[in-house]
Amino acid sequence: MSETTNTNKEKKPPLNGRRALPLSNSNDEENEVPEMEAFGLIPRGYNPKDYLHVVNVHMFKEPHEINKQQHHTDKYYSPKLIVRRGQPFQIQIDFNQPYKPETDQFWLEYLIGRYPQQNKGTYIPILVGDVLKPGEWGAKITHRENNSVRLSIMSSATCIVGKFRLYVAVLTPFGILRTHRNSKTDTYILFNPWCQQDAVYLDDEKEREEYVLNDVGIVFHGNINDIKLRSWSYGQFEENILDACLFLMDKAELELSGRGNPIKICRVASAVINSRDDNGVIAGSWDNTYTYGVPPSAWTGSVDILLEYYSSKQPVRYGQCWVFAGVFNTFLRCLGIPARLVTNYYSAHDNNANLQLDFFLDDEGKVDNKMTKDSVWNYHCWNEAWMTRPDLPVGFGGWQVVDGTPQETSDGLYRCGPASVQAIKHGHVCFQFDAPFVYAEVNSDIVYSRREKNGTQVIERIDTTHIGQLIVTKEIGGDGMMEITEEYKFQEGSEEERLALETALMYGIKKQTIQDTMYQPQTDVDMDFQVQKAVLGSDFKVTITFRNKSQNHYTATTYLSGNIVFYTGVTKNQFKKHSFSAKLEPSSSRTFDVVIKSNEYLSDLLDQASFHFFVTARIDETGKILAMQKATVLEIPTLRIKTQGEMVAGKEMSVTVEFTNPLKQTLENVTLRLEGPGVLRTMKKEFRQIPANSTLTWELKCIPKRPGLRKLIASLNCNALRHVYGELNVQIQKP
């Protein structure tokens, strides 16, 4: 018996008057299984060796052997057998003598957890039969030779996902003989998107290759007018990642019998990915101070984070939305649930879920930060997982939103989803879980209102199209962007869109009515502004355009406020204030330029180099207010990655990372990271300083493990400059 069972003996679980057995919610714990289960008194001359007994069990678990090839699990860096449920796999049992079906009887036992019970699916006895029924547990002999028997075993398409222990039991006249505990025969059973009876079945092979088997992805960030992308290494097949993902379900205390259900798994995982309220995987930090941890922008993939959590059992610092989503994606793909990372540009964080983001202006038309509680995130990343939803009416299966970023609580924990994308599109937000919150993230209106001196509230402008303008994910089989906005919402202004909104309102989403406040939109003057694209460290300008469509002369008192913001839309501080008076001639347009100098913003810049401009103008003659806001991001320089010499699996190759400092200042305490699944484990190097305009070079050697197209991903990080990335596709040859 393994040593773990001895320690378990001392820690007997406390008895509980309500349950015969304690909760079974750990895949890690085991029970002791008797190797000899006697039927009564055993006669003195009894020698078990006289009967059929097992000498060896072959699992065919090497990556090139039949099981891992047929089950698409050959990429997992694990010595154990890994198969997908609802699909047959092969094992071979060697006995001490030829097996005679007329007289000999043996069966298999699969156990999981510490309190195996047949009715809970945690103890599975499998008798050997003549036929395998699709999607049900069973075994049949496919080949007999000398003392060996080859078996084909079918697992249930709804069975628990996790690590099972295997015993072979043989019936003798005096009792049952079992094989002893052997961890080499442990079998991991995963979800099977290739199996029609599985709840996560996906019928398109190219989609399965992308959403289950691709271990690298793309995160789209930046903002809608300047979309940026970076690669992320999911690394779901790397060493110990599968065990780390199973540990997350133990950590979340999901009972074993619920672990065949992707809905339950997604729901508990969305809570355990963040550390709020359950000591989960990643601690979030949005305030630009990342003491005692890694800044979110420095991570290049999920592997380091999951392995650190698996060994320390303490939250890993720090993450922001794309880090939560990247790690969640690794978890889902590792267990075999098809998943993708999604970015929503201009995502509403609506604190009171009234489908309305309230921006309050003061008398001068400036935003009142004390009153304004809602925020617009430049972008927000979440995940979609693919599954059937037998708990909802027909038609709501398919992609489900799950979000591991802690924003609001759901049933008392920080978690979100799974919410059916189809239900969100049609406004059926009554269906679990958290559909109203996601609906608001992509559909809220922005309402600008101003409080008059006498206390009445005047609505100055309602922007119905700003939120959820663009929703994207990585394209299948390439690094490009695929727009999926239409999966979430109908065309802006279409009849269907209004209907979906009315449906959502009928199902209880609160939306304040406008009639109790005065609202007359300004129609005879239009205002717009553009921000020039600029590289970090340079000057740029903001151009404001007025169009006077009336026959009147107007004067517009105009106020521009430039703020440095977190990508969540929360302001850090104002770095630019500029007022001017604009004379507007009848039926004509005028433009005004405001120059932003680099020394005005560089000292306060945050890691995503995000600016937010508010322009408000008051028409002096009518008292009407025009208000507009836009976010913009600076161009951040990239890292260059090069390789030298031939790139062959198993042979040393050399990689160089280069970076030129674009700022007019010296960068201090710079950290470089480089990783590439199948090529090299994460490497880190620190540089004390990089003077202005000088170039840093880092050369390192590595031995790629796997042939094929691979990706190298690098990041650079220091207090003055974050979100610096580089990547390179490399073709590793077969030796």
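Yeah, the Cβs are placed from backbone N, Cα and C, and that goes for glycine too.
A quick note: this is a predicted structure, and the numbers were derived from the prediction, not measured.
Here's what TrEMBL has on this protein:
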{"type": "ACT_SITE", "residues": "C321", "note": "active site"}
{"type": "ACT_SITE", "residues": "H380", "note": "active site"}
{"type": "ACT_SITE", "residues": "D403", "note": "active site"}
{"type": "BINDING", "residues": "N443, D445, E492, E497", "note": "Ca(2+) binding site"}
{"type": "DOMAIN", "residues": "313-406", "note": "domain 'Transglutaminase-like'"}
{"type": "REGION", "residues": "1-32", "note": "region 'Disordered'"}
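Figure note: comparing Cβ neighbours within 10 Å for the recorded positions D403, D445, E492, E497, the maximum is reached by D403.
Confidence in the domain 'Transglutaminase-like' (313-406), given as mean pLDDT, stands at 90. Summary of the Ca(2+) site environment: with the site residues N443, D445, E492, E497 set aside, the chain residues having Cβ atoms within 8 Å of the Cβ mean position are T464, T465, I467, G468, K489, G493, L501. Considering only the recorded positions H380, D403, N443, E492, E497, the residue whose Cα is spatially closest to the Cα of C321 (active site) is H380.
In the domain 'Transglutaminase-like' (313-406), helix, strand and coil residues by DSSP number 15 helix, 41 strand, 38 coil. Rounded to the nearest whole angstrom, the C-alpha distance between D403 (active site) and E497 (Ca(2+) binding site) is 24.
Each residue contributes its Cα atom, and for E492 (Ca(2+) binding site) and H380 (active site) those atoms are 20 Å apart. The closest partner of H380 (active site) among the binding-site residues, by CA position, is N443; the full candidate set was N443, D445, E497. Summary: among the recorded positions (C321, H380, N443), the fewest other C-beta atoms within 10 A of the C-beta are counted at N443.
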